[in-house]
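Undergrad: So Swiss-Prot has the following annotated:
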ACT_SITE  144  active site
ACT_SITE  283  active site
ACT_SITE  304  active site
DISULFID  141-184  disulfide bond
DISULFID  175-217  disulfide bond
DISULFID  276-326  disulfide bond
CARBOHYD  108  N-linked glycosylation site
SIGNAL    1-18  signal peptide
């Protein structure tokens with residue numbers, strides 16, 4: 001590959017002609033081979049340039065953002081991860097929450113009612129009480145909704161029956177299309193809960209392992225890991241009610257706006273991006289708690305499904321009590337067990 005040609009191409013894409021930018025591009029290109037080795041990346045000759053261009057732009061974005069973080073202008077750091085080479089259009093395919101898929105369906109949910117005079121702790125983290133399975137990885141399939149749904153049901157099942165069982169996302173990807181879900185092309189957690197209720201269960205992860213692609217349904221009622229009796233929606237946009245719900249009920253499925261390069265490249269800290277919407281939701285994740293950072297304020301603890309190498313060992317802390325940042329409280333629900 002002619003890296004001088006690539007240098008010119010990237011500069012043209014960024015459309016800024018400056019000595020500083022040229023140095024940043026050169027520095028990023030020098031890190032490319034190390035990145036490929038560190039993350040075990042292999043590309044065909046025809047596709048490597050595309051991924052390298054994306055990597056270079058992301059490296060520059062990381063460097064500029066982290067400079068602002070060091071100056072106290074940002075509350076979180078960004079860094080390289082296994083998806084730092086993805087062009088933004090490919091990255092967006094990971095975000096498979098499809099709110100429109102549910103608009104034409106009749107809702108069959110219950111509404112969350114907070115216990116009377118309830119007092120909840122200042123901090124909650126359900127990872128400490130064995131209600132949360134290890135971080136999983138959806139791969140390049142837009143099945144985030146399935147991971148969010150299984151995560152909530154895993155927690156409810158463990159809370160009620162005392163046993164944490166990893167459940168099958170592939171079962172939901174393959175078998176819940178009649179409920180409005182579209183496998184690797186997206187879906188909704190509530191529709192997954194409806195499928196599980198009517199199907200009288202979802203298989204265990206061990207019996208129906210994840211493949212990361214749409215396949216023929218082969219649910220087996222003999223290997224069911226958990227069931228639900230329906231689901232509960234929390235009040236839309238109400239962070240205080242969501243705080244009470246996660247404190248009293250356990251892990252909760254939520255949808256967020258993850259359609260930003262800052263989210264793709266998040267490394268650590270309390271995530272706050274002024275561009276993050278409370279309505280344009282595109283990614284299903286699992287809320288497992290909340291807390292307060294002494295420097296950057298209140299946050300939610302959110303489990304992602306992009307592997308333990310992303311973010312804070314697979315998790316992200318999202319700003320809390322900042323006008324429903326990224327829509328954490330807009331579409332939240334949990335299954336009834």
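Yeah, the Cβs are placed from backbone N, Cα and C, and that goes for glycine too.
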Undergrad: Excluding near sequence neighbours, so keeping only residues 6 or more apart in the same chain, what lies with its CB under 8 A of residue 108 (N-linked glycosylation site)?
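TA: The answer is 194, 230.
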Undergrad: Do you know which of the disulfide-bonded residues 175, 276, 326 has the most other C-beta atoms within 10 angstroms of its C-beta?
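TA: Top count of Cβ atoms within 10 Å goes to 326.
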Undergrad: Provide, as an integer number of angstrom, the distance between the C-alpha atoms of residue 283 (active site) and residue 184 (disulfide bond).
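TA: Taking the Cα atoms only, residue 283 (active site) lies 13 Å from residue 184 (disulfide bond).
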Undergrad: For the recorded positions listed here (141, 144, 184, 217), tell me which residue's CB has the most neighbouring CB atoms inside 10 Å.
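TA: The residue with the densest Cβ neighbourhood is 144.
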Undergrad: To the nearest Å, how far is the Cα of residue 326 (disulfide bond) from the Cα of residue 304 (active site)?
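TA: About 14 Å separates the two Cα atoms.
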Undergrad: Residues with Cβ closer than 8 Å to the Cβ of residue 304 (active site), same chain and 6+ apart in sequence?
TA: 135, 285, 310, 311, 314, 315, 316
Undergrad: Looking only at DSSP and grouping its letters into three states, which state does residue 283 (active site) belong to?
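TA: SS state of residue 283 (active site) = strand.
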Undergrad: Please report how many Å separate the Cα atom of residue 141 (disulfide bond) from that of residue 175 (disulfide bond), as a whole number.
TA: 15
Undergrad: What does DSSP say about residue 144 (active site): helix, strand or coil?
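TA: SS state of residue 144 (active site) = helix.
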Undergrad: Which of these recorded positions is closest to residue 217 (disulfide bond) if you go by CA atoms: 144, 184, 276?
TA: 184
Undergrad: When the Cα-Cα distance from residue 144 (active site) is computed for each of the disulfide-bonded residues 175, 184, 276, which gives the smallest value?
TA: 184
Undergrad: Near residue 283 (active site), how many other Cβ atoms are within 10 Å of its Cβ?
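TA: There are 26 such Cβ atoms around residue 283 (active site).
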